[in-house]
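*Asks:* One structure, pasted below without further comment.
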């Protein structure tokens, strides 16, 4: 949101601010950055900040109240949030919740969050392999890159697919993420690191119940990938 505000602020200011020819060189390097930053900052603090902060606090309170009632449901919810907007506000709300709990020595939610956060990007790679005929060459390359990013816990690897086909990709990533998160909580997996993907396995005792953790990620990834592979229509033949 801040990015859009900044971009449109610069565009508006550039079109409406007229300077003498002798000062025109200062416009792109001083005037526009200064004024657009000021406008964006004021809007984010005094207009957008309050409602967004209230929503985030309410969501954190809601998630915190669930930890003692139903761990599996909590894991599924956090997992679905990870797969919903792929690095957006909902995804980051779940991640912030997990990181905050690390300070209180509650490590299971973070494990569920990272397991689910790897699923979208991994799943898109699996989908391009499972249904090769439904994807073009560029999508196959994007799928390979997405899989590698998924191993690093970078959900954004799935964004190119979600941007082109959100109505099929997002349900797939949410279902796969929910499965991975729920299974991780069911198995009692814990994670003491806030990031790192599968590479945290190289850190002694960073993950508890490693095999069950890998199984949770694998099952979530397979479901996500196969679900999207089934939902995606065949690629339209293009004339060269």
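Each residue, glycine too, has its Cβ placed from N, Cα and C.
This is the feature table in TrEMBL:
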- 1-240: domain 'PTS EIIC type-2' (DOMAIN)
- 29-49: transmembrane segment (TRANSMEM)
- 61-81: transmembrane segment (TRANSMEM)
- 107-130: transmembrane segment (TRANSMEM)
- 142-163: transmembrane segment (TRANSMEM)
- 183-203: transmembrane segment (TRANSMEM)
- 210-231: transmembrane segment (TRANSMEM)
*Asks:* Within the domain 'PTS EIIC type-2' (1-240), what mean pLDDT does the predicted structure show?
*Replies:* 88
*Asks:* Looking only at the recorded stretches 29-49, 183-203, 210-231, which one has the largest tally of CB-CB distances under 8 Å to the transmembrane segment (107-130)?
*Replies:* 210-231
